[in-house]
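Undergrad: Here's the feature list from TrEMBL:
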TRANSMEM  32-49  transmembrane segment
TRANSMEM  69-92  transmembrane segment
TRANSMEM  104-126  transmembrane segment
TRANSMEM  132-152  transmembrane segment
TRANSMEM  159-176  transmembrane segment
TRANSMEM  196-216  transmembrane segment
TRANSMEM  269-295  transmembrane segment
TRANSMEM  302-320  transmembrane segment
TRANSMEM  326-344  transmembrane segment
Amino acid sequence: MEEGSSKPSNSLWDKIRNLKHITMEGYKRKPISHWILLALSIVAMLVAFPASSLLTRVYYSNGGASKWIISWVAVAGWPLTALILFPSYFFLDNSPTPLTFKLLVSYIVLGFLSAADNLMYAYAYAYLPASTAALLASSSLVFSALCGYFIVHNKLNASMVNAIVIITAAMAMIALDSDSDRYDYVTDHQYTMGFIWDILGSALHGLIFALSELVFVKLMGRRSFHVVLEQQVMVSFFGFVFTTIGVILNNDFEGMASEARSFKGGKSSYILVLVWGTITFQLGVLGGTAVLYLASTVMAGVLNAIRVPITAIAAVILLHDPMSGFKILSLLITFWGFTSYIYGNSSASSEDSPS
């Protein structure tokens, strides 16, 4: 937009040109360390999250059976995030956020919801191929948008609504093609329950995302990198506590010894799958947190869009997941939905920013 012009431009070309100008100005202001950290965070998201999903499927296909153990693995790596957070208090002059009663309750509630969410996804991966589970999990974008609209009052425009419809259609397409990728040892009822648990987990994930944003806005009042890490550490810690209680009550810690003995590849393979599952999940979470802070929610959305086909393709190549024509079409439609949502989100952001 030219200086002195009072009429805002709504053309696609002007939006792209304006966004490019803002982006280039941002590039000039950022130090090289910023871009190195962002690049590492992107790699963490695109490698660690798919690896974590594949390792979960490897656990089940090689003899593992416990849903609680996989849920526990997803939060057992919370000290890794704490190891990054605590030094910032001593070397970067950051001060801890005061722990009020409301903030503590929000951490406990989010931790409980996170534990429930991980358990739902564990059931999904127990009965579904990794490629199918990853595609269904992409519906979390739909629930994030809806929960953000109703809880945090985020804007929804036509492109975002279009994305919601498109991704929903892609999920329905997978449901219609359920017979093509069901494992022989999985019953129709188990496959259906895996499908339902995946969708419910995605819905709960969207709720957690909206509630987390609400905590930032209402209780923390600030959004710096160490504050984001604080929330991640506390939520993961309470998720770890709740999940550990579930594992103990279900006697799954005692069952790990027998699982390890019967695991394909032996005890060492069993331990490696769980350890690397813990590490990769936390690296993915850290990468996603860093991208949100260093870049934007749009960039995180782009990477989430890319992460879905990476997981699906890797599952087909490494785990020999079945890939029917319907699933390929669903993958393409899901990617289209992500693209529509990203464009809608960037348009809403540009409308909110000052000229």
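Glycine is treated like the rest: Cβ placed from N, Cα and C.
TrEMBL annotations: computationally assigned, not manually curated.
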Undergrad: Count the CB pairs under 8 A between the transmembrane segment (132-152) and each of 32-49, 69-92, 302-320, then give me the winner.
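TA: If we count Cβ pairs closer than 8 Å to the transmembrane segment (132-152), 302-320 scores highest.
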Undergrad: Mind checking which residues reach the transmembrane segment (69-92)? Cβ under 8 Å, same chain, six or more beyond either end.
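TA: Answer is 52, 56, 59-60, 114-115, 118-119, 121-122, 125-126, 226, 229-230, 232-233, 236-237, 239-240, 243-244, 246-247, 252, 256, 259, 274, 277-279, 281-283, 285-286.
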Undergrad: Residues of the same chain, at least six outside the transmembrane segment (326-344), with any C-beta under 8 angstroms of its C-beta?
TA: 131-132, 135, 138, 141, 145, 156-160, 162-164, 166-167, 169-171, 173-174, 176-177, 180-181, 298, 301-302, 304-305, 308-309, 312
Undergrad: Quick one: find which recorded stretch in 159-176, 196-216, 269-295, 302-320 has the most Cβ pairs under 8 Å with the transmembrane segment (32-49).
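TA: It is 269-295, which has the most Cβ pairs under 8 Å.
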Undergrad: By Cβ distance under 8 Å, which residues at least 6 away from the ends of the transmembrane segment (196-216) in the same chain are close to it?
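TA: Non-local partners: 103, 106, 109-110, 113-114, 116-117, 120-121, 123-124, 128, 133, 136-148, 150-152, 154, 171, 222-223, 227, 231, 235.
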Undergrad: Who are the long-range neighbours of the transmembrane segment (159-176) in its own chain, taking Cβ under 8 Å and residues 6 or more past its ends?
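TA: Residues 132, 135-136, 138-139, 141-142, 145-146, 195, 199, 326-327, 329-331, 333-334, 336-341, 343-345, 347-348 contact the transmembrane segment (159-176) from elsewhere in the chain.
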Undergrad: Hey, which bits of the same chain come close to the transmembrane segment (269-295), Cβ under 8 Å, at least six residues off its ends?
TA: 34, 37-38, 40-45, 47-49, 51-52, 55-56, 58-59, 62, 64, 69-70, 73-74, 76-78, 80-81, 84, 223-225, 228-229, 232, 236, 259-260, 263, 303
